[in-house]
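As written in TrEMBL, here are the features:
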BINDING   15, 16, 17, 18, 19, 20, 21, 22  NADP(+) binding site
BINDING   111  NADPH binding site
BINDING   196  L-homoserine binding site
DOMAIN    358-438  domain 'ACT'
């Protein structure tokens, strides 16, 4: 197979014509001249494979490229690249493996697949002298993969902080600005088509965890076990904590965090409070943002639409053009940070990172309550930074006690919360949320 860099034409087959697949096909066909003018590459979409072509027909995709026989498509010797946008894990895993065996490059937006099986697929691609493009897998239309693997190549990446799920960020924006409940905000997101009928992957943090696993493997030269990443979601978040945090000067975001420590890379996903002055605090609605800190460049911020048909298709097509121009193969072939080239993972044990925390306890209003809580915290070497207690309203049996702490480990906080919940002077389980400060720049 000739090097892709020697070509000015690339022949592609698309597998899957859902939201992203349909947008990709439409842009490749409608904007063919624009792509040629911008890149000097003619992209020829020669096949579209799917179980049903109803959506493709509704988009006006010409039926002469519809194919039902995947084997026939993979056997086409003139085909350069397979675009995998089918979704799921096992079928795409098999498809990509077969495409590589057939000598085809691959472009995919499948974050779950790469988070779970990226190492083996990258190794196979390298063995075959081929490339897997996956810009669209992590932040939709935001070119964060290219930033890590190319634009920031001169840097040792120190930290990544991201808002990587537009559905969750929209829900939190509704809760923050309108005081809506989680349930009402989710219902609104579903009504406007931003949340799926089953939103669990988005709101429980799994989607975000897939993305930070991929970015961390490239940024830190590790191969994190996806199942070892602590993940929590926003589905149990109470609006009273959102509003209490706002009164303290914080906003709540579903964060993906990965940063270097002397003992390894700390990684986690979950709701957290950040200051209103934090670079990620102003990211609203369905938008995503990624803060990347490098030892030379300092803080860089990438912002845009992290999901949706056209934004994600933009990243998919960028990968196709990168293949044709030789950009992606050159990076894939010569740089050493790809998942299949990483050494043993040095991942900080879950719960051992030091953070500040927000703690809300529902307690009876009588003497000795605060002393009992303070004693438990002191026993775990947890220092109180602030304490807020409202007066008891008429008919109210329990009142909220809101505490913020100085830095301590999550393990210590979890032990303290377990003891506090066991007290006969406290009610429903205490609420614990980390407070994340802006990461320090380390440039000289």
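Just so it is clear, glycine is given a Cβ too, placed from its N, Cα and C backbone atoms.
Overlay of TrEMBL annotations on the structure.
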residue: 15; record: NADP(+) binding site; DSSP class: strand
residue: 20; record: NADP(+) binding site; DSSP class: helix
residue: 111; record: NADPH binding site; DSSP class: helix
residue: 196; record: L-homoserine binding site; DSSP class: coil
Q. How many of the residues that make up the domain 'ACT' (358-438) does DSSP mark as helix, as strand and as coil?
A. 23 helix, 28 strand, 30 coil
Q.
I need the neighbours of the NADP(+) site defined by 15, 16, 17, 18, 19, 20, 21, 22. Which other residues of that chain put their C-beta within 8 angstroms of the C-beta centroid, in sequence order?
A. 14, 23, 24, 25, 50, 55, 85, 86, 87
Q: Identify, in sequence order, the residues in the chain of residue 16 (NADP(+) binding site) that are 6 or more apart from it along the sequence and have a CB within less than 8 Å of its CB; answer 'none' if there are none.
A: 49, 50, 84, 85, 86, 87
Q: Please name the residue among the binding-site residues 15, 17, 20 whose C-beta has the most neighbouring C-beta atoms within 10 angstroms.
A: 17
Q | Overall pLDDT for the domain 'ACT' (358-438), taken as the rounded mean | A | 92
**Q.** Distant-in-sequence Cβ neighbours of residue 19 (NADP(+) binding site), under 8 Å, six or more positions away
**A.** 308, 309
Q) Rounded to the nearest angstrom, how far is the Cα of residue 21 (NADP(+) binding site) from the Cα of the residue listed as 'L-homoserine binding site'? A) 17
